[in-house]
Ligand SMILES: *Cc1c(COP(=O)(O)O)cnc(C)c1O
């Protein structure tokens, strides 16, 4: 595997730190929990999309695009990071938001990532009802822009296609290098999974190096079967893009959907507990939609004895703290942990 064959820009701060979480590990009575700080990728409050955008926007520039189109839920971190990256590159950004989470507060509709989308100079071309055909709406928008003489480049939701997933192949390489440097044997990798690119890239990257490190994706939306199917398909396409031989084993893709709660973006008690514990034991901010539910899954699985007390478990912090401000009402009463 030779990632440098693919065009790539430098948009973030890499490598991100790989740090121990001693207080949380002690509080839970083991295993040894580590955190890969992909919330610190540096681009306008950071997050996992920055890694994908290094490859996606390199492709956009090769195609001489002058405007980037993408989409996401109202409080999308992907949309915010795409707008920020476009700003840095001098590209226009036009985005479609989906009201995927209904009946939410003024804070949800206007603060957090939405506030930053505007500050970063993105144009919210439409805020569509839940369940709209957003890929088609992006095609329409691209047509309109082409008719105006512009050169649009469409990035799918979450930046999750094989080119974007290369960002997490790069993360897998980075993690393995750090584990050697720090003499840290990694027994498990756990993270929140949504549009699938993060897990697909990690599974392909860790698989290509024969690391034997299992990856567990905690789903924030889809049921287990569907999520695993989505991740596996994308991981296979990424594998092919990388020119790797053989097949990625289906068993390499494992998702758990027990921590979604009532639906995407809807708060759960275990998410609130995870936010509280990481903030108050480690001074680390998680987010309500992704990393909070991912960490809630890790905490619950630890309590259920899924890991041995001597395992080293790496949680990939995929970012999202800007979204906290959209959830003011839920978070105001979060209280002190006990
Ligand atoms: C997008 C996102 C995820 C999920 O990553 P996918 O590649 O879409 O599966 C996790 N955490 C945060 C904070 C995100 O913004």
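The backbone N, Cα and C atoms fix where each Cβ goes, and this holds for glycine too.
Those TrEMBL annotations? Automatic predictions, nothing curated.
According to TrEMBL:
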ACT_SITE  76  active site, nucleophile
DOMAIN    10-319  domain 'Tryptophan synthase beta chain-like PALP'
MOD_RES   49  N6-(pyridoxal phosphate)lysine
Check: What number of additional C-beta atoms lies within 10 angstroms of the C-beta atom of the residue listed as 'N6-(pyridoxal phosphate)lysine'?
Finding: 37
Note to self: For the C-alpha pair, I'd like the distance in angstrom between the residue listed as 'active site, nucleophile' and the residue listed as 'N6-(pyridoxal phosphate)lysine', rounded off.
What the structure shows: 11
Check: Hey, what's the Cβ neighbour count for residue 76 (active site, nucleophile) at 10 Å?
Finding: 28
